[in-house]
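J.: First the structure, then my questions, so here it is.
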């Protein structure tokens, strides 16, 4: 009896795989015969364009797998939000993320994997084709988070460098390799480092990807760096439009530092057993008498900016100087953004300070700033949980989030609130195909 059940399961999986493969072929054939990028262009209002978008959305839609009203959640309907929160509490114990083994099995057939996971495998507009984006993705755990992030930002004209922490488990590394082997424009960084929290290694991971991305044949225009707890809140088309509006400028947090942060670069820090430690050794002043600024690890940088990070001798001197500081990613980029020799930079004057809310790089809710907006707080309390004083978003944060101009937000975790992620996935997929909100 057990053998019969296993045989039935195998036949079912084989049939499902065949169906998905045939559906993919049928979709591609349909598009070759009737649809092209002109028909998908959001500026076109022809009936043929609507027909093509309907076909595409029916095949690629990512509806939430639970009985929740994602349209209501993203619009801020309180009843829909409450239902999503209650639903998340009911199923949280049952929800188990996909494992490394799951992805190793699923990616044995790449076409089946891409079809089942509903990756968008062709450009959705000429404008997007002509404006490729480069991504650095620095990850160390939670394979499902990585795969869902990749699916959300993936477009065939873009280029993606994935840096896997050298100390990550081998099964995780193998699962990442298996996933990216299915895509010609996704690759693992040629040099991997052992990433230590708040140390130089986090910056080095991004620099390694920058070098590899510049050597690729893809003529990308802008660089975005991401981590495994990020997720986009804009479609690729919206990102392209936002990046075009920068007109060669960069967008990253860069502000005059508070006094308590100056210790981070005034003293030497060293890594001991994968932990960063403060020493009593004072550092020399920064090169070229540079004024130090603070920001965060995540940037939106032009290709010229990235080239100057790696090639300009002045940039290289600053890089060497910050290597033994605390959390250098939070002052290196911010300081380079105010350096006169850097393309797209801005002057040192405080009037040019850019906060995390003004920059488009990353939307983060800091626990210390949450509160009553009517009483002056920048944003309402987190509807999820907090991790290292940062909000891990819940469904109740989505409406606020989608009203902001940022390209990506942080942090997300399906084990905390998968409904938040599922509704965001549904929203973004609808926006990508139709250009309008869910």
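Keep in mind that glycine also has a Cβ here, set from the backbone N, Cα and C atoms.
Feature annotation from Swiss-Prot assigns disulfide bond to 70-227, 161-382, 182-209, 391-423; the stated evidence is similarity to another entry. If you look up Swiss-Prot, you'll see 289 marked as N-linked glycosylation site, on the strength of sequence analysis. Positions annotated as topological domain 'Cytoplasmic' by Swiss-Prot, on the basis of sequence analysis: 1-6. Annotation comment: Swiss-Prot describes 27-438 as topological domain 'Lumenal'. The transmembrane segment annotation in Swiss-Prot covers 7-26.
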J.: Here the disulfide-bonded residues are 391, 423; which one has the lowest number of other Cβ atoms no more than 10 Å from its Cβ?
T.: 391
J.: Do you know offhand how many angstrom separate residue 391 (disulfide bond) and residue 161 (disulfide bond) by C-alpha?
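T.: One finds 27 Å between the Cα atoms of these residues.
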J.: Please tell me which one of the recorded positions listed here (161, 182, 289, 382, 423) sits closest to residue 227 (disulfide bond), measuring Cα to Cα?
T.: 161
J.: Roughly how many angstrom lie between the C-alpha atoms of residue 70 (disulfide bond) and residue 161 (disulfide bond)?
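T.: About 31 Å separate the Cα atoms of these two residues.
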J.: Taking the Cβ of residue 182 (disulfide bond) as the centre, how many other Cβ atoms fall within a 10 Å radius?
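T.: Within a 10 Å radius of the Cβ of residue 182 (disulfide bond) lie 17 other Cβ atoms.
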J.: State the three-class DSSP label for residue 289 (N-linked glycosylation site), counting H, G and I as helix, E and B as strand, and everything else as coil.
T.: helix
J.: Could you give the Cα-Cα distance between residue 161 (disulfide bond) and residue 423 (disulfide bond), in whole Å?
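T.: About 27 Å separates the two Cα atoms.
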J.: What mean pLDDT score does the topological domain 'Lumenal' (27-438) have in the model?
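T.: Mean per-residue confidence for the topological domain 'Lumenal' (27-438): 95 out of 100.
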